[in-house]
Ligand SMILES: Nc1ncnc2c1ncn2[C@@H]1O[C@H](COP(=O)(O)OP(=O)(O)OP(=O)(O)O)[C@@H](O)[C@H]1O
Ligand SMILES: CC(C)(CO)[C@@H](O)C(=O)NCCC(=O)O
């Protein structure tokens, strides 16, 4: 056994797809036909096997882990002789641009809200915490979107700390992939959910990772369970380019789209532009700022071709 696999064995339980899928045990597929169609609607390539083999065991694991936290609260209640603060369980999902974080997050939200112990599951993406376009332009960060310095980390940590403190209503800013900017007209209210899923490139980063070192609390300080979605870089680039080409036929056609001028591109032109954005922005960000946080995650989901999950690593 080489030293890498010895280290991996020391840190993680490693599951092949087959071994992991058996951990579903008796969990039924609780999604109705309509819900499944809705999930598939947002992503027609999502296979039912992916939901039953990968996401059902994962929802069982998360249900048990959230249950342990709820048990601990009962102990606290007995000890304090009063109800402990109502604090949501926070699950984070990170990984590269285009790895499928938001798809994973939406499937988990749909599955987790079926458990009677935690029916209210909210989903927030950190995209809304990117600085508004005008600020990014002023700071010279237009080619650094997604890098740590492009997020208002103070706003993000204040948000998550207010949610964790059990505040009745906390507003999350929203991002528009159409205008490529923070939305000024609408916020997402978060009202004391049982579970909050927080999805974004940067959720495992700490103040020590960024250029401006800071000891202020960061998102990862508030997260109870962290998931990293992983895939080889050539596949990520391929998925990013495929999505860019799809957008050209959908989102980019919208006259309000920031990328409206891309809607008339030929396939070759679109591929060249997408490849360039990947090589100059998203790939360096992955190597410098995202991948180095992977081993902090409690759970690593490893994808292969066609978004098929091949391996699952669970921290011991
Ligand atoms: N399980 C899956 N099966 C099939 N296709 C998928 C799956 N997950 C994601 N995809 C596809 O991969 C692409 C990226 O997915 P998604 O938008 O969820 O990624 P993301 O990591 O949230 O991206 P970003 O960081 O840019 O917001 C999309 O085109 C999506 O349809
Ligand atoms: C909004 C982010 C940063 C993260 O989801 C990403 O999708 C993005 O816009 N990256 C910048 C480069 C690009 O357009 O892909």
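Cβ coordinates come from backbone N, Cα and C, glycine included.
Database features, via TrEMBL:
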| type | residues | note |
| --- | --- | --- |
| BINDING | 95, 96, 97, 98, 99, 100, 101, 102 | ATP binding site |
| DOMAIN | 90-243 | domain 'Phosphoribulokinase/uridine kinase' |
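Residues from the binding-site residues list (95, 98, 100, 101) with a C-beta closer than 6 Å to any atom of ligand 2: none. With a cut-off of 6 Å between Cβ and the nearest atom of ligand 1, the binding-site residues 96, 99, 101 reduce to 99, 101. Counting other Cβ atoms within 10 Å of each Cβ, the lowest count among the binding-site residues 96, 102 belongs to 102. Mean predicted confidence for the domain 'Phosphoribulokinase/uridine kinase' (90-243): the pLDDT average there is 92.
Around residue 100 (ATP binding site), the same-chain residues six or more apart in sequence whose CB sits under 8 Å from its CB are 229, 239, 303, 307, listed in sequence order. Listed in sequence order, 229, 230, 231, 236, 239, 303 are the same-chain residues six or more apart from residue 99 (ATP binding site) with CB atoms under 8 A from its CB.
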